[in-house]
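Q: What TrEMBL records for 50-68, 80-97, 117-139, 151-172, 184-206, 218-236, 299-318 is transmembrane segment. Here TrEMBL flags H102, H255, H259 as Zn(2+) binding site.
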Amino acid sequence: MLTVKLPRIFRVHQVPRIFWEDGIMSGYRHPRSSALDCVLSSFQMTNETVNIWTHFLPAWYFVWRFLVLSSSLELCWEPFHWPLLIYLLLLCLYPFASSCAHTFSSMSARARHICYFCDYGALSLYSLGCAFAYGAYAMPDHWVSSVLHRYFVPAAAFNSFVCTGLSCYSRFPELERPRLSKVLRTAAFVYPFLYDNIPLFYRLLFCLWNNCAWSEAVAGYCYHLLFALLTGFLFASHLPERLAPGRFDYIGHSHQLFHICAVLGTHFQLEAVLCDLHSRRAWLRRHLPVPSLPGTFGTAGLALLGNAAIIGAFTTALPQAP
């Protein structure tokens, strides 16, 4: 009879410091795990198991939404839907990359860095996907075709390079200056988030100021922003495990809650974007030029190559890291 031996788990002082997580005292995997051990550990209760599944399952949910929308909206053949197509592809990428990073990050210290470099790159590209969707469907009426609108997506592509570069660099001073590392990584993701959501902030403030009726799309964006704020708070605070180290090692620590809030926020964002797409379609078609291949897939392709180059550069620099 074939039996599978699950990998052993360790306490915090039994693994190198680079693997330590604030407030997490046990449930660590072997720091030199094989790829098979990493996969098997996803079916064993460790401090990473819920992290893996809270992004792996939503990744397939978003893939399902992508396939359904592809058949109903003809995403590939209708230029008006190309920004949505890019957004959906990058939307599916980031939870899958995160799940893989958490799965294979215990193979070695070097592998841990590379896994999270790829995770950061996927998040940066997702922020670009948000800019594509907002620029095409969510821009306030009197901002359409303005200077800000024309350069909104190219600036977001540049922001993705800044985000990936800064977040990857933040791993280098992680042991010697952990507070600086955390500040750099937080800033790397807060900056593109604030930029991407400029149109939403304006629309929400305009509705509040003028006491207008809130559409279904605006309500969806409110939920999205609420969960995004919770995501940022959990990422920065390490609550609740910081208050009770060891109590939330397996279930309930901040990174798990962070994943759940991020996925819920993305779900509401997708629904709001689809509401805007359907309700504003005729008006947007009259006031915007047809999306072009260079402006959509060309920009996304260059951003993908640029972010891959940044990740490659930091990977090459790893042997020189402290």
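Just so it is clear, glycine is given a Cβ too, placed from its N, Cα and C backbone atoms.
Since this is a predicted model, take the numbers as computed values, not measurements.
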Q: Which residues of the chain, 6 or more past the ends of the transmembrane segment (299-318), have a CB below 8 A from one of its CBs?
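A: Cβ under 8 Å, 6 or more out: 86, 90, 110, 113-114, 117-118, 121, 124-125, 128-129, 132, 153-154, 157, 160-161, 164-165, 168-169, 171-172.
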Q: With a radius of 8 angstroms around the mean position of the C-beta atoms of H102, H255, H259, what other residues of the same chain does the Zn(2+) site pick up?
A: E48, V50, N51, I52, T54, H55, S98, Q256, F258
Q: Restricting to the same chain and to sequence separations of six or more, state which residues have a Cβ under 8 Å from that of H259 (Zn(2+) binding site).
A: N51, T54, H55, S98
Q: Can you check which residues sit near H102 (Zn(2+) binding site), meaning Cβ under 8 Å from its Cβ, same chain, 6 or more apart in sequence, and list them in order?
A: E48, N51, I52, H55, C115
Q: Are there any residues at least 6 positions away along the chain from H255 (Zn(2+) binding site) with a Cβ closer than 8 Å to its Cβ? List them or say none.
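A: Residues satisfying the criterion: E21, N51, L234, F235.
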